[in-house]
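K.L.:
TrEMBL lists 38-423 with the feature domain 'tRNA-guanine(15) transglycosylase-like'. Residues or ranges marked as active site, proton acceptor in TrEMBL: ASP116. Residues or ranges marked as substrate binding site by TrEMBL: ASP116, SER117, GLY118, GLY119, PHE120, ASP170, GLN251, GLY278. Taken from TrEMBL, the feature region 'RNA binding' applies to 309-315, 333-337. The annotation active site, nucleophile is assigned in TrEMBL to ASP328. According to TrEMBL, the feature Zn(2+) binding site maps to CYS375, CYS377, CYS380, HIS406.
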Amino acid sequence: MSNVPGQEATKNPHLVPDFYNEVWMQPDFTVHNTTPAGGRRSVLRLPHGEVQTPVFMPVGTAATVKTIEQSVIESLNAEIILANTYHLYLRPGHELIRRAGGVHRFMSWQRPMLTDSGGFQVFSLSKLRKVTPDGVEFRSHLDGSKHFFSPEHSMAVQIALGADIMMAFDECVETPASWERTRDSMGLTHEWAARSKRYWEEHRHEVPWGQGLGIREQGLDLAPGGSTAFGRTYDHTRFSDKHQLLFGIVQGGMYPDLRRESAERLVEMDFPGYAIGGLAVGEPREVTREMIALSLEILPKDKPRYVMGVGYPDEIEEYAKLGVDMMDCVLPTRAGRHGLVFIREDPNDRASKPIRWNIKRVDNAEDHGPIDAGCKCMVCERYSRAYLRHLYVSDEPLGAMLNSIHNVAFYLETMTRVRAELQAQV
C-alpha cells in the first residue's frame with residue numbers, strides 16, 4: 001500500500017500483519033499507584049521496549065539528540081526519545097528513512113521513540129504559509145521550496161518513520177490570540193485529529209518492518225525476515241502484534257473553557273493516548289499549570305498523558321506530581337550548547353532547588369571541582385568546572401557535548417527521583 005494518498009502501492013513483504021480489531025488501538029499501559037495529588041507511577045509497553053513513567057524524553061530533532069551520540073544517551077538510561085517529523089521530512093526525507101527500515105534502523109536506536117506531527121514547526125519556522133481546511137501550504141526554512149502538509153500526509157510521513165508513538169496533526173495558534181481566533185483554530189485541530197485517526201486506522205500496517213522491532217543479539221536464531229546490520233541482528237517478526245500508537249493533541253490556548261472543550265472532544269474520539277499542546281509559549285507558569293490541571297481532570301486515567309515542550313527541571317517535577325506521564329523539552333541540550341548547566345542549590349540534597357549555572361563565569365576559571373558535587377553523571381565524575389569553562393571560551397565542540405550530557409543526565413535523574421517518590425506514596 002502507498003504511504004501517500006493517491007500513489008500506487010508497492011508490496012512490502014515485511015509489513016505488519018493486519019489485525020483489525022479494537023484491541024490493537026488500546027495502549028499497553030499499567031498504572032501501578034496514584035497519589036492523592038494525582039501523580040501516578042506507571043509503565044507504558046511499546047514495540048521497542050518498556051517506558052517507566054513519568055518520563056522525560058530527550059529531544060532528537062533530526063534523529064540525533066544534539067551533540068550526544070546514541071550510546072551515550074543509552075548509558076544515561078533514557079528510555080524514550082523524540083524526533084521531529086518536519087525536519088526529517090525535509091532532510092533526509094521520510095522515504096529514504098522508510099527504505100532504511102525506519103528511523104530506529106536509520107539512527108541505530110534500539111529503544112522507544114516518539115515523533116511529533118510537524119505542525120508546530122510548520123507554524124513556527126515557516127514565515128510563508130497558507131492554512132486551509134485541507135492542510136497547510138508552507139515553504140521550507142532550508143531552501144524556500146514549497147510543501148503541503150495535510151493530516152493524512154503527516155500520518156503517512158510518521159508511519160514511514162516508524163516511531164512507537166506518533167502525534168495527530170494540529171494547528172498551533174499564535175500567542176497571544178483572541179478567544180475567537182483560538183476557538184476557530186481549535187475547531188480545525190479537532191477536524192484534523194479525526195482525519196489523522198482515520199488515516200492511521202486504515203494504514204497502520206504500513207510501518208516499515210525492517211525498523212528493528214524486537215532486536216536480538218547476533219548469533220541467535222532468526223525468524224523469517226531477520227536481517228543483520230552493523231553487528232546487530234533485527235527480528236522483523238517478533239512483534240507482529242504491536243502497532244504504533246497515535247496521540248490526539250488538546251489545544252484551546254490559554255482559555256479554560258476552550259481547553260475543557262478540546263479535551264472532551266478528543267476523548268470522544270478515543271485515542272490511545274493524549275497530549276496537551278500549545279503551552280510553554282511565553283505564558284506565566286501559573287497559567288501553564290492551570291491549563292494542564294484542568295485538562296488532566298478530563299483526560300482518561302487509564303491512558304498515557306503527555307505535555308509537549310516543557311520545561312525547566314522544577315516544572316517537569318511539578319507536572320509529573322499532578323499526573324502527567326510524559327514530557328519533552330529542548331532546554332537541556334540548548335542550554336548546554338550556550339554554556340548553561342543545571343545544578344542543585346544543595347548538592348547533597350537532590351530534591352533541592354535546581355539552578356542554572358553559567359559555565360562561562362570567571363570564578364569557574366580555577367574551580368577544579370565538578371559542575372554539581374552531588375551528581376553521579378559521567379561528566380561530573382571526570383571533569384572540572386575549570387576545564388569545562390576552558391572548552392567553552394576556546395569554542396571547543398567537546399564543551400557543548402559535555403554540558404549537554406550533564407544537563408540531560410540532570411533531567412533524567414530528576415524523573416528517576418520523582419518516580420521513586422511516587423512509588424513510595426500510597
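Cβ coordinates come from backbone N, Cα and C, glycine included.
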K.L.:
Per-residue pLDDT averaged over the region 'RNA binding' (309-315) comes to what?
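P.N.:
Reported value for the region 'RNA binding' (309-315) is a mean pLDDT of 97.
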K.L.:
Taking the residues ASP116, SER117, GLY118, GLY119, PHE120, ASP170, GLN251, GLY278, which the record names as binding substrate, find the longest CA to CA distance and state it in Å to the nearest whole number.
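P.N.:
The two farthest binding residues have Cα atoms 15 Å apart.
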K.L.:
Among all protein chains shown, how many Cβ atoms are found within 10 Å of the Cβ of GLN251 (substrate binding site), not counting that one?
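P.N.:
Around the Cβ of GLN251 (substrate binding site), 30 other Cβ atoms lie within 10 Å.
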K.L.:
Measuring Cα to Cα, how far is ASP328 (active site, nucleophile) from SER117 (substrate binding site) in Å?
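P.N.:
Cα to Cα, ASP328 (active site, nucleophile) and SER117 (substrate binding site) are separated by 14 Å.
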K.L.:
Which of the binding-site residues CYS377, CYS380, HIS406 has its Cα nearest to the Cα of GLY278 (substrate binding site)?
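P.N.:
Closest recorded candidate to GLY278 (substrate binding site) by Cα: HIS406.
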K.L.:
Of the binding-site residues CYS375, CYS377, CYS380, HIS406, which one sits closest to GLY119 (substrate binding site) when you measure Cα to Cα?
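P.N.:
Comparing Cα positions, the closest of these binding-site residues turns out to be HIS406.
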K.L.:
For the binding-site residues listed here, CYS375, CYS377, CYS380, which shows the highest count of neighbouring CB atoms within 10 A?
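P.N.:
The residue with the most neighbouring Cβ atoms within 10 Å is CYS380.
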K.L.:
Compute the C-alpha separation of GLY118 (substrate binding site) from CYS380 (Zn(2+) binding site), stating it in Å without decimals.
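P.N.:
For GLY118 (substrate binding site) versus CYS380 (Zn(2+) binding site), the Cα atoms are 36 Å apart.
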K.L.:
Would you mind checking how many other C-beta atoms are within 10 angstroms of the C-beta on PHE120 (substrate binding site)?
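P.N.:
The answer is 22.
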K.L.:
Given GLN251 (substrate binding site) and the residue listed as 'active site, proton acceptor', what distance in Å do their CA atoms have, once rounded to a whole number?
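P.N.:
Computed Cα spacing between GLN251 (substrate binding site) and the residue listed as 'active site, proton acceptor' is 15 Å.
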K.L.:
Specify the nearest of the binding-site residues CYS375, CYS377, CYS380, HIS406 to ASP170 (substrate binding site), where nearness means the distance between Cα atoms.
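P.N.:
So, of the listed binding-site residues, the one sitting closest to ASP170 (substrate binding site) is HIS406.
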K.L.:
Using CB atoms and a 10 A radius, I'd like the single residue among the binding-site residues GLY118, GLY119, GLY278 with the highest neighbour count.
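P.N.:
Of the binding-site residues GLY118, GLY119, GLY278, the most buried by Cβ count within 10 Å is GLY278.
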K.L.:
Out of ASP116, ASP170, ASP328, which of these recorded positions shows the lowest number of other CB atoms within 10 Å of its CB?
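P.N.:
Checked ASP116, ASP170, ASP328; of these recorded positions, fewest Cβ neighbours within 10 Å: ASP328.
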K.L.:
How many other Cβ atoms sit within 10 Å of the Cβ of SER117 (substrate binding site)?
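P.N.:
So the Cβ neighbour count for SER117 (substrate binding site) comes to 30.
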